[in-house]
Amino acid sequence: MDYLNTIVQGVLLGGLYALYAAGLSLIFGVMRLINLAHGDLIVLAAFVLLAMVSALGLPLPVALLILLPFAFALGWGLQRFLLNRTLGDDILLPLLVTFGLQILIQNGLLVAFSADSRKLSLGALETQSVNLLGLSVGLVPLITFAVAVVVLGALSYIFYGTGLGRRLRATSDSTEVVQLMGVNPRVIFAIAMGISFVVLTIAAFFMGVRSNFDPSVGPARLLYAFEAVVIGGLGSLWGTLAGGIILGVAQAIGARINPEWQILAGHLVFLVFIIVRPRGLFPKQ
Amino acid sequence: MTALLETRGLEVFYGDFQAVFGVDFEVAEGETVAIIGANGAGKSSFLKALAGLVKSRPDGILLDGRPVGGKPAYEIVKSGVALVPEGRRLFPSMSVADNLRMGENGRSGDRGWTYETVCDLFPILRERADQLAPTLSGGQQQMVAIGRALISNPRVLLCDEISLGLSPAAVKDVYAAITEIKKRGTTIVIVEQDLNAALGAADRIYCFLEGKVSLTGRADEFDRSQILAAYFGS
């Protein structure tokens, strides 16, 4: 029963990792860009939520709902006015720019919020649990997982059930041919980045509720996201959920054996995957 | 004859390399023109410039007398010039239906081409609508590529090497469709290495040699030896 509990906790943790990974996977899938600032943008969004709650006295879920459209606009603007200028034959340039963005965000947060550890609060909800398969499961981890499934389902619907999704997929296939269809790929890239920012803001909400954060934790979030994306298969949306779950379960089992092994166990599983199945579980063809 | 699409001294460069040298060209509304020539003659570069995939001088290309040269491809298609690219270039991760529907993004007006009328022209595509595009035969893929361009309702349809890599039967089917499209009033520019196919479909020809026009006129006014001399430069 202890191990069943460990696995269930790992699966639910995988939901959070899938939320970290979904935005990263979306951007890689559409424009082959690895956004090195992804983790720090999650932390930035968590601090903005914290500031909205403390300065404006808003309930946390309300602050999230207000922030989402602004997050889309910020992502759109970042891509439209900065990252689009770096895209071309040289893949190093956008990588360096997002690396620079990472440093900028970390240092900006240090100046604005100090290095102190913070947390977002959902009040009594954080300590509530439900009975699942005879196990007591925390309500917040369960909600996190459910939201991850809903977010991936929504992204999947956008991709495969709408005209915008058709343009996103076509742009992913060929930025040249899509222009012959009247589509400006740079506009599509900006929309994709806007969607990615919406998803990473939702991830920031749950990260902040479930764990402490400070300006230096972004790279670790990027690492978990990256590992989940690679395990699941580059560019595959549902693959990120599978990757997140595998990572979460590995960490939970590692922690069950020895608390110091939690993070190491996740990295080891990732290592096994890149040796045995480097294209991941569900690689994009 | 009033030109619908024309070029004046068009030059095409890839960096320092010049592929097309001062080409004057015109096609009238409803006309079908074939551009023939050997490999490397500059035909496809010329067509890519017309479609906006390669940069050119603004006044180098005129549509209805208005300069459109140098505009990006996503604007050119919306002004009524659609390209069927060499090698089909379908979206490989998408179904036949999704490939066709992508053409709707570039609509430049309503000349009667819709998903349904394209499927009437190529009935096999209606049967294969849910299949992934790369699983079709070469001829069927070419039908998707032509249909996808048609759905944008172009005034000028540019076709780049549409017989390339196809069986003789598939070439016949594809050119039968071109004849049907021509009957419906669409202006067509075909780049082709297959002389028989090109001469059979075209009202006029332009023969390219080393990036320049080596011969131009009505398709039926030249004998075979004149065309071959212009084609190979001998």
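One is the number of the first residue shown, and numbering goes on along the chain from there.
Every residue, even glycine, has its Cβ placed from backbone N, Cα and C.
Outside the transmembrane segment (A:6-29), and at least 6 residues removed from its termini, the chain residues within Cβ reach (under 8 Å) are 35, 38-39, 42, 132-133, 135, 137-138, 141-142, 144-149, 151-152, 155, 172, 192-193, 195-197, 199-200, 202-203, 206-207, 210, 221-222, 224-229, 232, 234-237, 239-241, 243-253, 255-256, 284. The transmembrane segment annotation in TrEMBL covers A:6-29 (among others).
Residues or ranges marked as transmembrane segment in TrEMBL: A:41-58 (among others). Long-range contacts of the transmembrane segment (A:41-58) within the same chain: residues 20, 35, 64, 66-67, 71, 105, 109, 112-113, 118, 120-121, 197, 200-201, 203-205, 207-208, 213, 215, 217-218, 221, each at least 6 residues beyond the stretch ends and with a Cβ under 8 Å from a Cβ of the stretch.
Per TrEMBL, the feature transmembrane segment maps to A:95-115 (among others).
Among the features that TrEMBL reports, transmembrane segment is placed at A:135-160 (among others). Non-local neighbours of the transmembrane segment (A:135-160) in the same chain are 1, 4-5, 8-9, 11-16, 18-19, 22, 26, 122, 125-126, 128-129, 168-169, 195, 199, 202, 206, 209-210, 237-238, 240-241, 244; each lies 6+ residues outside the stretch with a CB under 8 Å from one of its CB atoms.
Within its own chain, the transmembrane segment (A:187-208) is flanked in space by residues 16, 19-20, 22-24, 26-27, 30-31, 35, 38, 41-46, 49-50, 60, 64, 67-68, 71-80, 83-84, 87, 118-120, 140, 144, 147, 151, 155, 158, 164, 167-168, 171, 178, 221, which lie at least six positions past its ends and keep a Cβ under 8 Å from the stretch. For A:187-208 (among others), the entry in TrEMBL reads transmembrane segment.
Remote same-chain partners of the transmembrane segment (A:228-249), defined as residues 6 or more beyond its termini with a Cβ less than 8 Å from a stretch Cβ, comprise 7, 9-22, 24-26, 28-29, 148-149, 152, 155-156, 159, 172, 266, 269-270, 273-274, 279-284. Annotation source TrEMBL lists transmembrane segment at A:228-249 (among others).
Per TrEMBL, transmembrane segment is recorded for A:261-280 (among others).
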For the transmembrane segment (A:95-115), find every same-chain residue at least 6 residues outside the stretch whose CB is under 8 Å from a CB in it, and list them.
-> 33-41, 43-44, 47, 50, 82-83, 86, 214-216, 218-219
